[in-house]
Amino acid sequence: MLLHWVMAALILVMLFVGLFMAHNSTIHYASLFTLHRTVGFLLLLLVIVRLINRFTNRTPPLPDDLPTPMKLAAHLSHLLLYGFMIALPLVGWAMLSAGGYPITLWGGCHIPPLMGFHPHLWGELRCLHSLLAYGLILLILTHIGAALLHGIIRRDGVLASMLKYNK
């Protein structure tokens, strides 16, 4: 559960920093960009840990009285969240690689490029990275809405189990 909330906070930082960088030029751009790359790479590592945890430990069951379409929506939304959490940093990494940019993280740590220099592909990947970010924002809002539905309307204990720290 702690990993969920740490990742949620880091994802929100990433989205806000990314949106700010995309719409503003500032003297702090280089620092923000380094933060964005570093947290993005950290999130990629954490989602791998999270997937290992998810496959080795049981997740809490959904309420028995939850209608089948809602159960399917819950499973689909989790698959999409994991897909976006993997795709966004990988596309960002590939984008920087295609642009020929060095991938330097906080503290001067360098990670290798995923591919060689491809300027046209850089533009396509930049667009895809932005679209994925906006898609993740929509998924997060949907996730929050579903949690509130469980907590306020259904009152089935799902929200309470999400909010309590039990591991």
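The backbone N, Cα and C atoms fix where each Cβ goes, and this holds for glycine too.
Automatic, uncurated: that is what TrEMBL annotation is.
Record features (TrEMBL):
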- 2-163: domain 'Cytochrome b561 bacterial/Ni-hydrogenase' (DOMAIN)
- 34-52: transmembrane segment (TRANSMEM)
- 72-96: transmembrane segment (TRANSMEM)
- 131-153: transmembrane segment (TRANSMEM)
Q) By a Cβ-Cβ criterion of under 8 Å, what residues six or more beyond either terminus of the transmembrane segment (131-153) are in contact with it? A) 11, 15, 18-19, 73-74, 77, 80-81, 84-85, 87-88, 91, 159-160, 162
Q: Compute the average pLDDT of the predicted model within the domain 'Cytochrome b561 bacterial/Ni-hydrogenase' (2-163).
A: 91
